Amino acid sequence: MEDLTPTNTSLDTTTTNNDTTSDREAAPTTLNLTPTASESENSLSPVTAEDLIAKSIKEGCPKRTSNDFMFLQSMGEGAYSQVFRCREVATDAMFAVKVLQKSYLNRHQKMDAIIREKNILTYLSQECGGHPFVTQLYTHFHDQARIYFVIGLVENGDLGESLCHFGSFDMLTSKFFASEILTGLQFLHDNKIVHRDMKPDNVLIQKDGHILITDFGSAQAFGGLQLSQEGFTDANQASSRSSDSGSPPPTRFYSDEEVPEENTARRTTFVGTALYVSPEMLADGDVGPQTDIWGLGCILFQCLAGQPPFRAVNQYHLLKRIQELDFSFPEGFPEEASEIIAKILVRDPSTRITSQELMAHKFFENVDWVNIANIKPPVLHAYIPATFGEPEYYSNIGPVEPGLDDRALFRLMNLGNDASASQPSTFRPSNVEHRGDPFVSEIAPRANSEAEKNRAARAQKLEEQRVKNPFHIFTNNSLILKQGYLEKKRGLFARRRMFLLTEGPHLLYIDVPNLVLKGEVPWTPCMQVELKNSGTFFIHTPNRVYYLFDLEKKADEWCKAINDVRKRYSVTIEKTFNSAMRDGTFGSIYGKKKSRKEMMREQKALRRKQEKEEKKALKAEQVSKKLSMQMDKKSP
């Protein structure tokens, strides 16, 4: 069997001094961005977005309108923006275009924030020369209704999606991501920009495996940096640095009078994502580069452990834990990583380790900071760390990228190049005529009497299940084929769940103490079950890898049962898939897994609908009673 355990080749060619005393800072790092031989050989290839962005950095943002781009596909949307995959008409280069509605921005007082984001992106790209690990702006423009930001296209998803898919990473991969994020943050901080919303979702993974820090909607200047205040007017659709403009670039300067040298931070109000927000932001205090370092520490913790350091049942308790620094390292957490994270997750930002000290820390001693943009990134594998007395395991199934796009469909299912791209998630086919399973004899009968016997036998088993099995309420009246407790692992954490393999097919997992259906493993044509040992097995799906452990050491029975059911329902699964591809409902069936917030919002909407219907029914009942009483009075 092929050993796919990653080798230590990605980060170590140069060793830095591991002296990390607080009074010594690492020397400034200059990246070596010289093209490799393979890059030079491709100089005659068609123009790319990277070429055009590099040209715009030198010559200024080109003047464009929405008619200069073909809007091909929506890639996602936020509270007040939507991102599209677009092709520039003149060059055929592919870009991502972020579109914002002016009416929404004005109605919710967000216009100033978007102007600031535009000016920060322009400043980082046009004046600072851009950075390989930071989103670079190609151009921006606006019309009467919308604002457009044109940036480089990244189709490999983000770090948050990869963490959702794989659960956690090994030390080598975690260190790789942390080192590249730190390099990108160093560029921002050297140019007096603080991101203020560092989280896995804002770290994109490029096609070559390197990262890209994105989403500067919460970013701010600090240290006296004065950015252009230019808003969205007809005049600024053309770059101030373009060849047809004689005006100089926006001036930046540092005001020592306004911001003293010893106080380079600025006051702020709470923005960002609660899981990764720093204590100083919660206290409405001074925010500077150390706020981003806090976010980096939370990301590194999650890469290794599988969960963020601060978790709670609700936001109130979550923020309280952050303020009180209430977190702990789970069993099995690497000691070398816990030491550096303990220096990052410090309440007082003035005593928090700095980016320069981080680069010089022994944790990063094998990182070649100068050539980091040219190293080969590690391949992402399904991996479970050593914990609970079990060794670490790497998947022996060939490494694949998270997500289900055209390439993944072609690779997994040989569907061809016309497959629609979408994000994967749970597959819930409606119950169809049962095709048989390994536990119920329902092979197509030769006589009506046999069919009646099979139906009667199934009905009897279903009735016994309804009466005796407390988990029947979760099955939608489907027969349970196999059930049992499994430890569902995610990094260094595990939760005991009751798993139900039922007709349909469905593979459900239940939180037994609270009697709550927590989720369902998706059934897709490319589903794979991998047995690791007598107790551990993996289930590979487009959305994520499930790491499961059977305390009874009967993992092989689970693998066989799941594979048997998958084979028997293969026609149903493939039929549903093909129908979704043909009808354009692929996204709704295999769509991106809903967040807890989205599910809660849907539940509230459902409750409101039910309450409205109940009130309507009550009102109708009252009207009916009133009419009945009136009729009774009129009757002799």
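Using N, Cα and C of the backbone, Cβ positions are placed for all residues, glycine too.
According to Swiss-Prot, the feature active site, proton acceptor maps to Asp197. Other Cβ atoms within 10 Å of the Cβ of Asp197 (active site, proton acceptor) number 21 in total over all chains.
Summarising the annotation, Swiss-Prot assigns ATP binding site to Ala79, Tyr80, Ser81, Lys98, Gly152, Leu153, Val154, Asp158, Asp201, Asp215 and lists similarity to another entry as the type of evidence. Proximity of Val154 (ATP binding site) to non-local residues of its own chain (separation of 6 or more, Cβ distance below 8 Å) is seen for Ala96, Leu204, Ile205, Gln206, Lys207, Leu212, Thr214, given in sequence order.
For 550-631, the entry in Swiss-Prot reads coiled coil, with the evidence type sequence analysis.
Positions annotated as compositional bias 'Basic and acidic residues' by Swiss-Prot: 597-624.
Among the features that Swiss-Prot reports, domain 'Protein kinase' is placed at 69-364.
The region 'Disordered' feature in Swiss-Prot is assigned to 1-45 (among others).
The region 'PIF-pocket' annotation in Swiss-Prot covers 100-149 and rests on similarity to another entry.
Under the heading region 'Disordered', Swiss-Prot lists 233-264 (among others).
Here Swiss-Prot flags 593-636 (among others) as region 'Disordered'.
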Looking at the coiled coil (550-631) alone, can you tell me the average pLDDT?
76
Nearest-integer angstrom distance between the alpha carbons (Cα) of Ala79 (ATP binding site) and Asp197 (active site, proton acceptor):
15
Pairwise CA distance, Gly152 (ATP binding site) versus Asp197 (active site, proton acceptor), rounded so that it is a whole Å:
20
10 Å Cβ neighbour count around Ser81 (ATP binding site)?
20
Return one of helix, strand or coil for Asp201 (ATP binding site), based on DSSP.
helix
Taking residues Ala79, Tyr80, Ser81, Lys98, Gly152, Leu153, Val154, Asp158, Asp201, Asp215, which bind ATP in the record, the widest Cα spacing (Å, whole number):
21
